[in-house]
Amino acid sequence: MKGFCVFGIAIASLLAQGAAAPHPQQQQSTAAIPSRWIVTLKLGINKSDVKQHLDWIHDTHRRSLSRRQTTGIERTFEIGNFHAYAGEFDQQLLAEIVAKDEVVAIEPDHEASLTALTEVSDQPWGLASLSSRAKLVSADVDHQSYVYDTSAGTGTFAYVLDTGIRISHPDFQGRAIKGTNVFPEVAHDDDFGHGTHVAGTIGSLRFGVAKNVTIVDVKTTRVAYSTTAKIIEALEWSVQNITDTPGRVGKSVISMSLATATSTALNDAVDAATSLGVFVVVGAGNDGKDASTRSPASAPTAFTVGAIDINSTRATWSNFGPSVDVFAAGVDVRSTSLYQDGTELLSGTSMSTPHISGLALYLKGLEGSAVDAPAAIGARIKELATKDVVTDAGVGSPNLVAYNGNGRQ
């Protein structure tokens, strides 16, 4: 059956600043881009059939004078056995595309908007939560202890699909590098602050889970604006870069603090990445409902993260349900800021996601090839997690809080 869906995209961060934890101020657009569509082809379709289909689109578009008012195919995608394309098509051509046997899903492209052990003191509470099974006693979000192995993600790589990263921030110590920018018409910089904060939680000196990781900046938005097609493009580039670089597949994680309504194309792209050996960590979303209604949270092979506060209570806005794999800190999380080498407090499943991306890289650096495969690292995170401490985890959610396995209780 061919799939049709209408959805909007939002960065899964809440961008709630300050000491309080108000309901997330989620910026979201549900507007479809006129005449622009994403077409997903049958899983595992052979390349000759893909070429034949694309040639047919090009020829059909070129022969029609009226269709020359639209651009036709603008971008094709290939991640393993996943094939899709995005473009501008009129209703007549769209009807012809729908009738093709090799087409399994068509969805409108949408706008997107903004989601040896050592002990260190004065650390943000999210890191303390990762290194302690006990609930935190102090309510001080900034002055906790973090216990971790000094390998700290050495030799691993975080691909951060976000608003960009201020790679010059001193907390990155030169370990943040530019990957690609899917909006080449704008500078490859962080123009919103979200990506710098997320990257800081993954691997910055003061706020990072994996303090020795290399962070790859995959700029996926333009001032917090993106589209589904652009997100898939960023994912495709990341997977290609990982799989083309010897020795990197089992040592890399893709971190996506993004949320959309259910998208066949995006979910299939994530699953294709996983099938190639790449671990993909995503936010559950900030709607206070079942995460199965969101993508990529609902992708079967995505590792989906919900948010808790310092008392191990699920944030009221955090999505929940069987699609969630684990919970991590997501309320009043301090990390690196875009502005003046500073810091800021943010809340959201966007903030929980990088805790788990960083944890996955920390464990990959510590435990080696045993956790190279996506299934292995996902299972290891769940095995280590502290059980039955989340208050109001939500119907169908696993009651698991991420833990780094350092042995401290």
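Each Cβ is built from the backbone N, Cα and C atoms, and glycine gets one as well.
Unlike curated records, TrEMBL annotations are generated automatically.
Note that the coordinates shown come from a computational prediction; the quantities given were computed from them, not determined experimentally.
Per TrEMBL, the features are:
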| type | residues | note |
| --- | --- | --- |
| ACT_SITE | D162 | active site, charge relay system |
| ACT_SITE | H194 | active site, charge relay system |
| ACT_SITE | S350 | active site, charge relay system |
| DOMAIN | 37-114 | domain 'Inhibitor I9' |
| DOMAIN | 155-382 | domain 'Peptidase S8/S53' |
| SIGNAL | 1-20 | signal peptide |
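On the structure: features taken from TrEMBL.
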residue : record                           : DSSP class
D162    : active site, charge relay system : strand
H194    : active site, charge relay system : helix
S350    : active site, charge relay system : helix
Nearest-integer angstrom distance between the alpha carbons (Cα) of H194 (active site, charge relay system) and S350 (active site, charge relay system): 9
For the active-site residues D162, H194, S350, work out the Cβ neighbour count at 10 Å and name the residue with the minimum. H194
Cα of D162 (active site, charge relay system) to Cα of S350 (active site, charge relay system): how many Å, rounded? 10
Of the residues in the domain 'Inhibitor I9' (37-114), how many are helix, strand and coil by DSSP? 29 helix, 31 strand, 18 coil
